[in-house]
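Trainee: What TrEMBL shows for this protein is this:
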DOMAIN    52-280  domain 'Radical SAM core'
BINDING   C66, C70, C73  [4Fe-4S] cluster binding site
Amino acid sequence: MLPTAPTLTDEILAKPLTLASIDYLLKRKNQQFEDAILYDKSEQITLQTVGRNVNLRAIIEFSNACALDCDYCGIRKSSDVERFLLDRETILGLAQKAIDMGYPGLLLQAGEIVTQGRVDFVADLAREIKKMATKQYSKEQGFRIIGSIGELSFGQYKQLKDAGIDRYLLRIESSNPELYAKIHPKEQRFYARDACLDKLKALDFMVGTGVLIGLPEQTTYDLARDIMYFKRKGADMIGMGPYLPAKGTPLAEKYDRKQIETNLHTENLFDTIKRMIAVNRIYNPKANISATTAMETIQANGRVEAIKAGANVVMPVLTPQENKVKYSLYEGKNDVKSSLDILKNQIESAGRTMDLTIAGDPLSWVEHLNAKHRSK
């Protein structure tokens, strides 16, 4: 139920959001009435901009080998997890499965092995998958391929673009360079990763990035800066989820859930993530926002609540079970059920629709491309 008298939230949402006002919206505790206003506003904007449909992308995690040593990640270089690399035929078979099931696109994701051989391998996969998809998808509908294999050169990104990769996902994890440095080894530099997002944008990729919420020493001010960073970088796809400890990682040893919730002025990390989604929808209305798997890990109806808050993308994993258990970025990741029937029920229970014939290109990217063409 919404309050009858105007509140501070009403006043804030009636004006363009600022860093201070975003910080206020994120840090409140137990203010159900004001949260109801926030979620009502985000729902209005969701329906007015990206619409009622929730878009699906299948994920193929084709390798867990990684050259990076991020302090939070379960497949970091120093982890003792058994490594795997799916062969070409297996990956193409999974891609065909996604096509046959009617998915409008898929994500090819792996640990970051930045070699020319890896880029060539992914480019070859993209070309072949696009050929496979043209047999079942009209030119108008299309089939979107998302790449996510790490920090590359401009030329390597262009190679992937030319091969048929339409979108690229490169998570920044935190837009605060100081916080970024605390969760990565010194050779992994914030500004190098940040520059990669600019390269991708220059090549007209649909660009995706995202952050972890609930990191040690993170504040709501950091999260407010993240939201503004997404707009500044022109992010077309935004993914946000809770930091969940992975066994044996340096950050897991520092994890103190109560202290983190104190830092973020919340009694429930899930509520903070929901607010992040809602405020992002208001501040970045034309971007696609994911209801991440991790949301479902920390709360049984996590996807439903994320969609209600403003998310419009769900990404189920098609990786074979024997490999999926080795691609465990955090505890509980592989316990989430994601069949099409389950997803359809979740999406409809959130008051949305699931139409697999819709490609779901981010409206922000469509408008960016149209403006670029008009200027020529």
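Even glycines carry a Cβ here, placed using N, Cα and C.
Note that the coordinates shown come from a computational prediction; the quantities given were computed from them, not determined experimentally.
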Trainee: When DSSP is mapped onto helix/strand/coil, what comes out for C66 ([4Fe-4S] cluster binding site)?
Mentor: coil
Trainee: How many neighbouring Cβ atoms, not counting its own, are there within 10 Å of the Cβ of C66 ([4Fe-4S] cluster binding site)?
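Mentor: Result for C66 ([4Fe-4S] cluster binding site): 20 other Cβ atoms within 10 Å.
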Trainee: Taking DSSP three-state, what's C73 ([4Fe-4S] cluster binding site) in: helix, strand or coil?
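Mentor: Once the DSSP labels are grouped into three classes, C73 ([4Fe-4S] cluster binding site) ends up as coil.
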Trainee: Mean pLDDT across the domain 'Radical SAM core' (52-280), rounded to an integer, is what?
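Mentor: Value for the domain 'Radical SAM core' (52-280), mean pLDDT as a whole number: 96.
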